[in-house]
Amino acid sequence: MVMTLYKLDASPPARAVMMVIEALKIPDVEYIDVNLLEGSHLSEEFTKMNPQHTVPLLKDDDFLVWDSHAIAGYLVSKYGADDSLYPTDPKKRAIVDQRLHFDSGILFPALRGSLEPVIFWGETAFRPECLEKVRKGYDFAEKFLTSTWMAGEEFTVADICCVASISTMNDIIVPIDENTYPKLSAWLERCSQLDVYKKKNAPGNDLCKDLVASKLS
């Protein structure tokens, strides 16, 4: 059966999964757009599959899984030719997992907290406390980047998930100052040169940027 990804291109977590699919060269994936602005994610059909009514949602045969980090690990474990994107070595995987939890626990909440009031609640400026959380995320990421990539010398799903969030934060909410965050700035530039980023992250990031710009005063 064909694998199906329910997604929204403007969504950073959905873009992360699309980058993983691209990196793994998984063929025959059906993409179904879910319009959050119109409430498509709240339909009975969708909430039966995902009670949390979030995107992305992956359907692989009769298996359903949501949350971009869980999907990323599943895809690499099942379809990866090797474990380079999600190492099986316990110590290496622990670092990757920590960075994934950093994205889900620090980066994405700061991103969502900034964008949700503007996109869905009619606010016309970012909340100052949310901007501070974005900067705190940058502070942590700068300290984590002691190697070429987010979790060491190998490009992993940690980079994919974190860059989906950080690129959006940089382009829309708080630009990354290369003098304050030289390592983070250099890492983001490296990520932006990758084919998976250009194909599956940049276009959706532009859509998100345009959407937010239309809402801000």
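Cβ atoms are placed via backbone N, Cα and C, with glycine included.
Quick caveat, the model's predicted, so the values are computed rather than measured.
Taken from Swiss-Prot, the feature domain 'GST N-terminal' covers 1-83. What Swiss-Prot lists as glutathione binding site is Ser11, His53, Thr54, Val55, Asp67, Ser68, His69, and the listing cites similarity to another entry. Annotation comment: Swiss-Prot describes 89-211 as domain 'GST C-terminal'.
Structural mapping of features recorded in Swiss-Prot.
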residue	record	contacts (Cβ under 8 Å, 6+ apart)
Ser11	glutathione binding site	Leu36, Val55, Pro56, Gly204, Cys208
His53	glutathione binding site	His41, Leu42, Phe46, Thr47
Thr54	glutathione binding site	Pro13, His41, Trp66, Asp67
Ser68	glutathione binding site	Pro13, Ala14, Ala16, Val17, Pro56, Cys161, Ala164
His69	glutathione binding site	Leu100, His101, Asp103, Ser104, Val157, Cys161
Comparing local Cβ density (other Cβ atoms within 10 Å) for the binding-site residues Val55, Asp67 points to Val55
Max CA to CA distance in Å over the glutathione-binding set Ser11, His53, Thr54, Val55, Asp67, Ser68, His69? 16
Per DSSP (helix/strand/coil reduction), Ser68 (glutathione binding site) sits in helix
Is it possible to list how many residues within the domain 'GST N-terminal' (1-83) are helical, extended or coil according to DSSP? 34 helix, 18 strand, 31 coil
Give the residue counts of the domain 'GST C-terminal' (89-211) per reduced DSSP state, in the order helix, strand, coil. 92 helix, 2 strand, 29 coil
